[in-house]
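What follows is a single structure, written as structure tokens, with notes after it.
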């Protein structure tokens, strides 16, 4: 981080229209994968006033009640009345899902599972930094925490005048690659019309901002912009059209690391846009956890229908304890980055994805979860269970 003195990242709440779309896409994926672990799923969602449109390509033996899934997601987020601008119980739901192209399928499936080809060409990045306990950049971590707290305060009734749509933005100050302060905080939250601006600002500052952000990083010079337009009553899909895959920087590292451009939500693990990005995070986090570097960004690329990555590259930004070339060699020895191996290594064939679709795919704690008869661990790419192996192999 020494190249920056200030760095800013943003996040959005689960009620943001693009995040509604992401959550619907991943809820559909979860429902299918719960019944058919070998399904091929690529689901896109659009939400706008009074309607949700679900499209894409799915090949599966499962049957799911897509309309009910869509309605449940919208209502669970908090859009349950036309008063807030969107009602999951009464909105229109359009299903225009087709089957996956056999041309793609023949390039992915193999007689030997380990030879499974990548579902598409592409490049993916993984990143980790030791600036927070979760080995994520601080600006995106704080931004996620703000909108998570907004949802918590709304759903618990702590701030009953809050509505689902919200956005956050945090600017951190760095010295010598370390976070030394927070320069600016932006939090815009949808709200009921009857609340005064003074009450809203006080409630948000005391029960959201100060509850989340470390006091030692705030100062008299920190700028706080709470609903800077003064009013945010119209929000959600009424205010803006929502689309799956339009918040890829929020989903990843807040702009601190590069992004290959492929979105995550709605895609089963055969799509390397998702699974290889998760593997990249797993590799980078274990490198940092092992003490091989303070920061690490890894790039991996694939060709459609080919199992082995076409390239693996890595940058520790001058923070490595050993050379980047040596770390790449260790990565190739310790991690198998073929698509099937990633799916096996991270145990990805479970209905774990809706939870990833809001508040970031990275920096989240693995949890044990049970769906029906299936018990599994979520956010497996956040484990640091290969750090000791890397450290030993590096001779540290």
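Each Cβ is built from the backbone N, Cα and C atoms, and glycine gets one as well.
Database features (Swiss-Prot):
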- 16, 165, 166, 167, 240, 246, 247, 263, 267: ATP binding site (BINDING)
- 18: Mg(2+) binding site (BINDING)
- 44: K(+) binding site (BINDING)
- 57, 100, 240, 271: L-methionine binding site (BINDING)
- 100-110: region 'Flexible loop' (REGION)
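What Swiss-Prot annotates, mapped onto the structure for a quick look.
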residue: 16; record: ATP binding site; Cβ neighbours (10 Å): 28
residue: 18; record: Mg(2+) binding site; Cβ neighbours (10 Å): 22
residue: 44; record: K(+) binding site; Cβ neighbours (10 Å): 22
residue: 57; record: L-methionine binding site; Cβ neighbours (10 Å): 15
residue: 166; record: ATP binding site; Cβ neighbours (10 Å): 29
residue: 240; record: ATP binding site; Cβ neighbours (10 Å): 16
residue: 247; record: ATP binding site; Cβ neighbours (10 Å): 25
residue: 267; record: ATP binding site; Cβ neighbours (10 Å): 27
residue: 271; record: L-methionine binding site; Cβ neighbours (10 Å): 23
Site diameter for ATP, Å, by largest Cα distance between 16, 165, 166, 167, 240, 246, 247, 263, 267:
25
Check the Cα-Cα distances from residue 57 (L-methionine binding site) to the binding-site residues 18, 166, 267 and tell me which is shortest.
267
Given the binding-site residues 18, 44, 166, 240, 247, state which is nearest to residue 271 (L-methionine binding site) when distance is taken between Cα atoms.
44
For the residue listed as 'Mg(2+) binding site' and residue 247 (ATP binding site), determine the Cα separation and express it in whole Å.
7
Listed binding-site residues 16, 166, 240, 267, filtered to Cα within 10 Å of residue 44 (K(+) binding site):
267
When the pLDDT values for the region 'Flexible loop' (100-110) are averaged, what is the result?
59
When DSSP is mapped onto helix/strand/coil, what comes out for the residue listed as 'Mg(2+) binding site'?
helix
